[in-house]
Structure formats: C-alpha cells, structure tokens
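Structure first, commentary second.
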Amino acid sequence: MLMRKVPVFVPASPWGLRLPQKFLFLLFLSGLVTLCFGALFLLPNSSRLKRLFLAPRTQQPGLEVVAEVAGHPLAREQESPPNPAPAVPAPGEEDASSQANARRRKGWLRRTHPTGTREMATAARSSGSAALRPQEPSIPFSFDFHAFQSRLRHPVLGTRADESKEPQSLVRAQREKIKEMMQFAWQSYKRYAMGKNELRPLTKDGYEGSMFGGLSGATIIDSLDTLYLMQLQDEFQEAKAWVEENFHLNVSGEASLFEVNIRYIGGLLSAFYLTGEEVFRIKAIKLGEKLLPAFNTPTGIPKGVVNFKSSNRSWGWAMAGSSSILAEFGSLHLEFLHLTELSGNQVFAEKVRNIRKVLRKIDKPFGLYPNFLSPVSGNWMQHHVSVGGLGDSFYEYLIKSWLMSAKTDVEAKDMYYEALEAIETHLLNVSPGGLTYIAEWRGGILDHKMGHLACFSGGMIALGAEDAKEEKRARYRELAAQITKTCHESYARSDTKLGPEAFWFNSGREAVATQLSESYYILRPEVVESYMYLWRQTHDPIYREWGWEVVTALEKYCRTEAGFSGIQDVYSSIPNHDNKQQTFFLAETLKYLYLLFSEDDVLSLEDWVFNTEAHPLPVNHSDSPGRGGGQL
C-alpha cells in the first residue's frame with residue numbers, strides 16, 4: 001500500500017503517459033487510421049493512392065495497347081490515342097458462332113482479337129462520339145498493312161516506279177514538268193507559310209482562314225499523297241515530320257464538317273494507306289471523333305459546321321442555319337467507312353448509313369435531289385437542284401461507294417443510276433451551238449449555266465458507264481465525252497485558256513461567263529479531273545493535248561515568284577492575281593495532271609477511288625463482303 005501512495009513507484013508508459021492517457025491516445029490513433037483507409041477506398045479519384053498500398057494485380061487489359069501508342073511521337077501532344085468502341089455485329093452475325101466465322105473469313109483488313117491480358121482496352125470517349133463508360137472494355141484493333149498491300153492488283157506507283165530507267169519521251173518530259181510545278185509550289189509554301197493553312201504568294205506569307213476550326217497545316221496534309229505519288233521523298237518526309245510534331249488536335253473553333261473531312265481526314269487516310277505509317281491512322285481516327293458531334297440532330301443528318309468545343313450549326317447563308325447541304329452531308333461515306341475499318345469503331349459507318357436511310361425514305365421531286373435538307377425535320381427546304389456547287393460530290397460518292405465496295409454496295413449503285421436518269425431527263429440540254437451541258441433546276445425552271453465545279457461530271461459519268469445497264473453504256477460514254485468537251489470549250493474561249501467559275505448558254509453566248517463575278521479562276525481541278533478519267537477510259541490523245549494546254553496556261557498566268565495564284569478574270573491576258581495558292585491545287589489539280597501523263601497502273605482505278613479532294617482510298621478486294629467492319 002505504501003507503493004501506491006508514493007508517486008515515484010507508479011509504473012509509467014514509454015511516452016511518459018499514465019495508463020488512462022495511453023488508452024485515450026491509442027483510441028484516437030485507431031480512429032485516425034480508420035478514417036484514412038476509409039477515405040482511401042471510398043472517395044473518388046483514389047486510384048493512385050491505392051497503388052501505393054495494394055499489392056500489384058495482373059496488368060489491366062489494354063494497358064499494353066496504351067503503352068504502345070505512348071511510345072509513338074503522338075504522345076508528345078498530351079492526346080490519348082484513339083480507342084475503338086466495341087464492334088457492333090453486322091446483320092446476320094448476332095451469335096457467337098457467326099462472329100467466329102466472321103473472324104475466320106479471308107478479309108481485306110485483318111483484325112486481331114488477342115486473348116488474355118491483351119483482350120480488351122479501357123477508354124473514355126469525349127461527349128458526342130458514342131462515349132463509353134470508363135470501365136467499359138473495348139476491343140484492341142490491329143491492321144495488317146502487309147496483307148492489305150498484297151491484295152492490291154497493281155504496284156501503287158505502277159510497274160515503272162523507277163523513273164530513271166524509263167526511256168526519255170515527250171510524255172515523261174511533260175510529267176517531269178508537272179512534278180517540277182509541284183515541287184515549286186511546295187517549296188514556296190514551306191519557305192513562306194509552313195504550318196499555316198495556305199500560302200499567299202504575292203505577300204509571301206501564310207493564311208489560316210476560318211474553315212478549319214483552328215486546325216493548321218491544311219496544305220501539308222492535302223499534299224502528302226501527291227508528294228508520295230511524285231516520289232518527292234525529301235518533301236514527303238518534311239510533311240510527315242510536321243504532322244508528327246506539330247499537327248495538334250486540341251483546338252476549339254468552328255470548322256466545316258465537309259472541308260475537314262475531305263481535306264484532313266481524306267489526306268491522312270490516303271497517306272496511311274500509301275505508307276503504313278501509324279501516325280496518319282491515329283490522327284485520322286482522333287480527328288474523325290471530333291467531327292461526331294455534328295451528327296447530334298433529330299434526324300442524324302449532320303449540321304454543316306462543327307464546333308470542336310461545344311455545339312454545332314449550319315452555315316449562316318444556308319437558310320439561316322436551318323439547312324444542311326447535300327454535297328456536304330452526302331460526301332462523308334467514303335472516309336467514314338474507312339475510319340471504321342481502321343479503328344474498329346462502328347459509329348462512323350453507322351452515321352453515314354443513317355444518312356442513306358433518310359435519303360432513301362424522303363420523296364424526291366421528279367427523282368431529283370434538292371440541295372438543302374433540314375436536319376431537324378428531314379424535309380427538303382427548297383427545290384434547287386445542281387450537279388455543280390451544293391450538290392456535286394453527293395452523286396460522285398454514290399458511284400464511288402459502289403466501286404470502293406468492289407461492287408457489292410448495291411444500294412449506292414441503285415441510287416446513283418436512278419439519280420443520273422433523273423438528271424438526264426430534267427437537267428441535260430444541248431445548246432444551239434451543239435454543246436451538251438447540265439443546267440441547274442429551281443422548282444421546275446432551268447438556269448442554263450454550268451459551274452466549273454460541275455465539270456467533274458464528265459469523269460464521273462465515264463467512271464460509272466461500265467456498270468450501267470447494257471443499253472445505256474455507250475450512251476453514257478458519249479455523254480461523258482460531250483460534257484467534257486463543253487468544259488474544255490469554257491477554257492478555250494477565254495483569253496488565258498483557263499475556265500471561269502461559271503459559264504452560261506443564253507443570248508447567243510455559249511460556254512462563257514456573263515459577268516465579272518463569275519470570271520475568276522482559283523486553280524480548280526474539275527476539268528483536268530475529267531480529262532484524266534476520259535484518258536484512262538479511251539486513251540484518246542486529245543485529253544493529253546487539252547491537259548497540256550492547262551499546264552501551259554498555269555505557268556503563264558498563275559505562276560508567280562513565290563508560288564501559284566488564282567486570277568480574277570480569265571478573259572484578261574494581263575493577270576490580276578488573287579494572292580492565294582489553294583490547298584486543292586496541290587492535292588487535286590497537279591495530281592490529276594500528273595496522272596494524266598502517267599501509265600494507267602499508277603494509282604490504278606482497279607485498286608483506288610479518289611475522294612472529292614483527290615485523295616486515293618483503296619477498293620475492298622476482300623473475298624468476304626459480309627465482314628463486320630465497314631463493309632466498304
């Protein structure tokens with residue numbers, strides 16, 4: 001008892017605390033630990049802390065896919081790689097056994113479905129692009145580029161790929177001249193405007209414009225396949241390096257859905273198919289995903305303008321924002337099917353197939369397709385029909401969808417020939433001077449004019465003549481030749497031998513512009529495009545003669561000290577330049593001229609179709625038209 005009264009003999013804790021105090025301290029400490037671990041497991045965004053405390057598990061599915069892309073130069077951009085959504089089974093492939101059969105087919109594009117830890121990848125998509133939940137798996141996608149190449153029926157650059165071994169000839173000299181023009185246009189752009197969208201050759205600077213929503217380098221991406229085709233290897237590597245290091249997609253402006261698709265998406269897709277370089281595939285898919293919000297309409301018909309940051313709308317002049325334009329929403333099919341083929345993401349193909357569905361259901365006046373459609377109601381907004389601007393490439397993409405599918409897309413074929421018959425019945429005319437032209441139709445009243453943009457139609461009709469009804473084939477070949485002749489006349493009747501933006505057939509004047517506002521030439525390609533197709537169909541030397549006239553005129557009137565420029569009046573022999581080297585001059589005009597003077601197996605039409613910006617996309621030579629992919 002003495003010991004309890006004397007404090008010095010009372011046992012103490014190691015921290016100098018009495019027993020009750022020690023009990024209270026331990027109680028507090030246990031509560032703190034419980035609170036911390038509860039926060040660790042219950043609060044959001046705690047995955048990093050969990051990795052500090054939890055034992056490592058088997059690698060999450062798909063992480064190696066991300067790692068592979070992370071090693072790619074694209075990782076410098078702080079952009080996640082494209083992550084395809086789970087493939088939706090094609091009709092007739094709903095059950096597991098049919099899916100297995102689909103994988104065993106000898107397809108044009110070979111998909112790999114690995115097992116184990118490489119079976120699925122996890123990703124979250126941005127809004128408007130068929131978003132996946134963060135935990136939802138997606139199937140890794142593999143493209144067998146060598147298998148794709150083996151299915152091509154001709155070498156991409158033809159059997160005479162080594163031009164140094166080709167005998168000297170007039171045609172080779174002409175082709176070399178066109179190549180020099182391309183090299184000059186590229187070097188001028190590189191010197192004065194590298195990274196900008198277009199070159200202004202008179203002021204020797206670059207121009208961004210407002211069509212691309214903050215995207216840059218339009219000339220670079222539009223030029224990739226032309227540089228490759230002409231074997232300008234150093235220039236191609238310069239362009240590729242820029243895409244790898246400087247082509248950023250984190251932009252937030254308003255862009256034309258149509259222009260971004262045909263120039264950027266088309267250019268990147270063709271560059272990938274020509275080279276197999278992953279940078280082009282990845283960029284194309286990610287940019288395609290940024291276009292998907294434009295389709296968020298009641299009908300699924302996309303608006304003409306996509307806001308990369310938020311909403312979407314149509315061009316202000318297109319019926320006060322209430323209409324979408326036929327040539328724009330109708331010229332997505334080729335590129336979007338290839339985006340599905342290269343990503344495994346069915347959303348791209350579904351979007352353009354829905355457009356077809358809407359167009360098939362809606363009534364067409366006299367079988368014609370008006371230029372303006374409401375994306376809200378799905379009704380035509382006015383009855384203006386044109387095979388030129390506002391309508392043109394819609395018809396082109398129908399016949400090319402048929403060809404790109406290796407002639408399995410019967411719906412596209414039927415739509416094309418039905419539309420062509422309506423055009424022939426209601427729009428086709430012959431002038432008093434014997435010139436065949438396609439007029440414009442406004443509610444039953446004809447405007448007797450053709451736009452330069454409509455001059456592609458000669459080549460289109462020639463391209464589709466072979467698959468027309470037998471009794472129509474000769475007629476369509478002749479019609480193609482006659483329309484192309486009319487477009488040549490619009491060139492031949494000007495002082496510069498270059499064609500105006502539009503030309504009329506009235507008041508005794510034929511194939512000429514009637515006002516200054518239609519007399520300009522902006523380096524457009526449509527006439528030489530038709531020359532190229534007619535040459536390959538007929539080998540009539542007149543088309544090469546006419547093509548060389550264009551080369552001569554371009555050199556004389558459009559070449560400046562620092563690039564090529566459009567001119568404001570084709571009827572003046574003293575050129576007044578517009579100070580703009582259009583991207584499509586490098587993508588289309590020079591490419592079609594080069595092909596006009598090349599062998600037929602260079603970018604053979606058996607293997608390739610050209611999008612409306614002249615970017616070659618491959619024909620599906622698969623033996624399995626029922627694949628679960630894009631079914632090109």
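Glycine is treated like the rest: Cβ placed from N, Cα and C.
Candidates considered were C455, C558; the recorded disulfide partner of C487 in TrEMBL is C455. There are 24 other Cβ atoms within 10 Å of the Cβ belonging to E526 (active site).
Non-local contacts of E259 (active site, proton donor) by the CB criterion (under 8 A, 6+ apart in sequence, same chain) comprise M211, F212. Cα separation, C455 (disulfide bond) to E526 (active site), rounded: 5 Å.
For T612 (Ca(2+) binding site), the Cβ neighbour count at a 10 Å cut-off comes to 26, with all displayed protein chains included. Within 10 Å (C-alpha to C-alpha) of E526 (active site) lie the following recorded positions from D392, C487, E501: C487. Close to D392 (active site) in the fold, though at least 6 residues off in sequence, lie A327, S386, L453, A454, F456, S457, T612, each with a CB less than 8 Å from its CB. Take the CB of C455 (disulfide bond) and look out to 10 A: across all protein chains shown you find 31 other CB atoms.
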